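Copied over from TrEMBL, here are the features:
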- A:1-29: region 'Disordered' (REGION)
- A:52-73: transmembrane segment (TRANSMEM)
- A:93-121: transmembrane segment (TRANSMEM)
- A:142-175: transmembrane segment (TRANSMEM)
- A:195-215: transmembrane segment (TRANSMEM)
- A:222-240: transmembrane segment (TRANSMEM)
- A:278-296: transmembrane segment (TRANSMEM)
Amino acid sequence: MGAAPDEGESTPSASPAREGSAASTGTRTTPSAGWALLGSEISVLFRRRRTWVMLIALAAIPILIAVAVRISSAGSTPGRGPAFLGQITNNGLFVGLVALIICVPLFLPLTVGVVAGDTIAGEASSGTLRYLLVAPVGRGRLLLVKFVAAATFCVAATLVIVIAGAAIGAALFPVGPVTLLSGDTVSLGEAGVRALLIAAYVTLSLLGLTAIGLFISTLTDIPVGAMAATVVFAIISQVLDSLPQLDWLHPWLFTHYWLNFADLLRQPIDWSSFGSNALLQLAYIAVFGALAYGRFSTKDVLS
Amino acid sequence: MTANSGSSNNAASGSAASGKAASGRWKRWVPAAVIPVVIAGAAIAVPLSANATSSLPTKTPQEVLELIGNSSVTAFSGTVEQTANLGLPELPAGVSSSSLGGGSATSGPSSSTPDPAGSSGAPGASASTGSDSSAATVSSALEMLTGTHTARVYVGGPTSQRVQVLDQLAETDVVRNGSDVWVYDSSKQTAEHTTLPAKSATPGTGEAGAPDATVQSPAELAQTLLADVDPTTNVSVGGDVTVAGRSAYDLILTPQATDTLVGSVSIAVDSATGLPLQVNVTARGAAATAFTTGFTSLSLDTPSSDLFTFTPPAGTTVTEKAAPTAPAAPGAGQAAPGSAPSDAQKPIVTGTGWDAIVELPAGADSASLTSNPLLAELTSPVTGGHLLTTTLVNVLVTDDGRVFAGSVSADQLQAAAAAAAK
């Protein structure tokens, strides 16, 4: 997948740090070794061409939306198309919001699935997993490092959409005080705070999927399989969430609160969905993190 | 973890560490087994502990009614959740608005018809704009009568109220400040302004004229129901309940009439303040409630006065609407979709109490109702017309356009239709 050369260049650069910390402290699982590994993991992730392509593709979505709305002469009818689409011509800051609404069901899970599904299976398939396990960090901590690195990608992916949306919106449309869902108007500064809150909400929403991807990634040595399975999980969950006959199941689906980030655009802010979403995602992280630990720490690593 | 990394110093970790590691191997799965159990336990235990009530002093129904009457709560804020399980087909979220071509289904009946013809005749305006708009009205009424809806209610006093009906990615607000009433629909970006005449400056009429009277605060619904308490009803007090974290008395109304579809109505009354917190309606012979509206959270602090000042945001279509001259009768609490476009003609009520039947004479509205494709989907043909069946209300639309609605069996509606035709 083009991952192997990157890994090849990263492993030598990271390993002296690992050996150094192990030698200096004399213990095998030191916090500094974990932090060094995390730093190298994140830098490997963000030096990959694949990561950049995904981030650029995500940034292209708000740009496409903004350009399409700008060049279409027909005024958009409120109530048609994705929510908030009609508000873009009045206020460019809504571009990022529309882009998030479009990205949350499919594009974000797709990119997160690629990153999370690759975590362990990618190392296994390129033969670098055993070198990672030589490092003086336990397998549990290695999983944690992988998860945090994938979570960093979630933050980056969401921020890219929000920032690219705000930038292109400000470039093509007037920008002013933002109208909330409740009909109240807030200043640009508060709108910025709310946009960051929404980014935090969406990032949080993706962490459960990241944990699922991490677990699936420990099951196989084929990264593409793990990526596809993770994305399929996200889609199945959303399909189940749209069936009214499965009402009882809905609060347990990790996608259930994905689009409720608009609750942060009410006046006053409705924090209940933020709280429920956080609890739900934490539960998914705990369950699938534990499953991943059980699987990975008992796995025979041969490659 | 330490034992593991000790073995993983050999490059081929698992296979090399056969003896000691293999015996401890199952322990690594312990978190994976324990955590789901802990989560399941918490998911079961937390609601149980929230519902654990301290026993309240016993009260007679009369005392509970007095508790309501003496309630001095004038300002509160809270979240109201309404769940309807009337046996109507539920449309998947988002499908209803697009497939019916009537715009977004989140708006209430008769709100925001931008054409000038619609704004002239105040309450029944939506019916005159043709079957497209009536389909939207029916589907929005249907949406309100199925599934779960959430609203936030802020009451700052007798003349300042705000109701926010929360939809995913959308919201409908009704703001009342003094004699000004604003209705704001975020998905359509429309705002509607009504100036109430000074005479009707009571909290009840302000909200009855609002399009989303279908999400009623428990106080309103309880008051309409308690007004019906008469010799036709047995009133008793059930066991203590907990609603929105507050201990409450459960006032149970059981109809004496045996031919009504309503089995019982229970009203949870806050033991401390006398505020009605929840209303449950159960169909006769059913175990689960058919209709519930109640607070999921409640605060007795006075909400910030900023909430009650509303200025339509830029880019919003603002329409002025004349104040309703005749009080729009909200029917029996939840009006069935068939009776939504109440026209100028007075409905005829036969019978009293729980088994009363409401008849709407034939008119232009009901003609469009019978041809409505959505209604045709929902109703089943019977002799003399089409029948809409729910667990609480039956609605019969006769072939000549009259509408009969009541909380009675279909046979009684047909008999009433036949009797009225003579």
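Even glycines carry a Cβ here, placed using N, Cα and C.
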Checklist entry - Does the transmembrane segment (A:278-296) come near the transmembrane segment (A:52-73), with 3+ Cβ pairs under 8 Å (pairs 6 or more apart)? => result no
Next on the checklist: Let me spell it out: take the transmembrane segment (A:142-175), skip the flanking residues so only those 6+ beyond its ends count, and list any with a Cβ under 8 Å from a Cβ in it.
Outcome noted: 34, 37-38, 41-42, 45-46, 51, 54-55, 58-59, 61-63, 65-67, 69-70, 88-100, 103, 108, 111-112, 115-116, 119-120, 132-133, 135, 188, 195-196, 198-199, 202-203, 206-207, 210-211, 213-214, 218, 285, 289, 292-293, 296
Checklist outcome for this item: In the same chain, residues at least 6 away from the ends of the transmembrane segment (A:52-73) whose Cβ sits under 8 Å of its Cβ atoms read 46, 85, 88-89, 92, 95-96, 98-99, 102-103, 107-108, 111, 114-115, 156-157, 160-161, 164-165, 168-169, 171-173
